[in-house]
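What follows is one structure encoded as structure tokens, with my remarks underneath.
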Amino acid sequence: MTERLLVLTRHGESEWNLKNLFTGWKDPGLTPKGIEEAKTAGRGLKALGLGFDVAFTSALTRAQHTLKLILDEIGQPGLETIRDFRLNERDYGDLSGLNKAETAAKYGDEQVHIWRRSYDVPPPGGESLKDTVARVLPYYVETILPRVMRGERVLVAAHGNSLRALIMVLDHLDDKTIPSLELKTGVPLVYRLNADTTVASKQVLEG
Ligand SMILES: O=C(O)[C@H](O)COP(=O)(O)O
């Protein structure tokens, strides 16, 4: 039987995650903790006996480095890897580089939660989750999903909101339920899909 394996993982903790800064398309690296999270993710996937035929990641260092660390741990350092900006984190626009707590103190917790977790309200000068879906989902359907459906084992290392955009579709979430979805750094989500592209199973590989 064709295995339709799709593993999604958010990057490990970044330097701006640690500083509680809005990051978006800015390009900080991983912290030592983030590096360890990525290695733990790789060890977890290896312990499940999982290997991959292709990997996808964004144009941002934190995701690319996470992917490299995972592939090193599972013994596939030379795996075909496709980098594309369409998997980038949501662009936080004018909030990029600002401290999240200071921004909440200035504009209110509710407004910051709306900017971070609502479906269709963008941060100033940035992308809403809806905007992020509009670039992630076509890329998934046109480029990633066909390879999963023909039996290639696919690994995606990306970002909290670009993955929320994809998981919204995979898990059939809507604009009322997506705000409560949070993704931990460096924790792989192991999906297996049915022949009709729906989700057959989902496993969260807690560190
Ligand atoms: O881009 C960022 O600031 C973080 O990676 C994700 O931010 P969020 O969890 O506040 O959306």
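Note: Cβ is positioned from N, Cα and C throughout, glycine not excepted.
Nobody curates TrEMBL annotations by hand; they come from automatic prediction.
Source: prediction; values computed, not measured.
Feature annotation from TrEMBL assigns substrate binding site to 10-17, 23-24, ARG62, 89-92, LYS100, 116-117, 160-161. According to DSSP, GLU13 (substrate binding site) is assigned to coil rather than to any helix or strand.
Here TrEMBL flags HIS11 as active site, tele-phosphohistidine intermediate. Neighbour count (other Cβ atoms within 10 Å of the Cβ, all protein chains): 31 for HIS11 (active site, tele-phosphohistidine intermediate).
According to TrEMBL, the feature active site, proton donor/acceptor maps to GLU89. Within the same chain, residues at least six positions away from GLU89 (active site, proton donor/acceptor) with a Cβ under 8 Å of its Cβ are THR23, GLY24, TRP25, SER58, LEU60, ALA158, HIS159, GLY160, ASN161, SER162.
The site 'Transition state stabilizer' annotation in TrEMBL covers HIS159. In three-state terms derived from DSSP, HIS159 (site 'Transition state stabilizer') belongs to neither a helical nor a strand segment and is classed as coil.
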Lowest local Cβ density among GLY24, GLY160, which the record lists as binding-site residues, within 10 Å:
GLY160
Given ARG10, HIS11, GLU13, GLU89 as the recorded positions, which ones have a Cβ positioned under 6 Å from some atom of ligand 1?
GLU89
How big is the gap, in Å, between the Cα of ARG90 (substrate binding site) and that of HIS11 (active site, tele-phosphohistidine intermediate), rounded to a whole number?
14
Return the single residue from the recorded positions list (ARG90, LYS100, HIS159) that has the minimum number of other CB atoms within 10 Å.
LYS100
Far apart in sequence but close in space: which same-chain residues, 6 or more away, have a Cβ under 8 Å from ARG10 (substrate binding site)?
ALA157, ALA158, HIS159, GLY160, LEU163, LEU183, LYS184, THR185, GLY186, VAL187
What is the number of other Cβ atoms found within 10 Å of the Cβ of GLU13 (substrate binding site)?
22
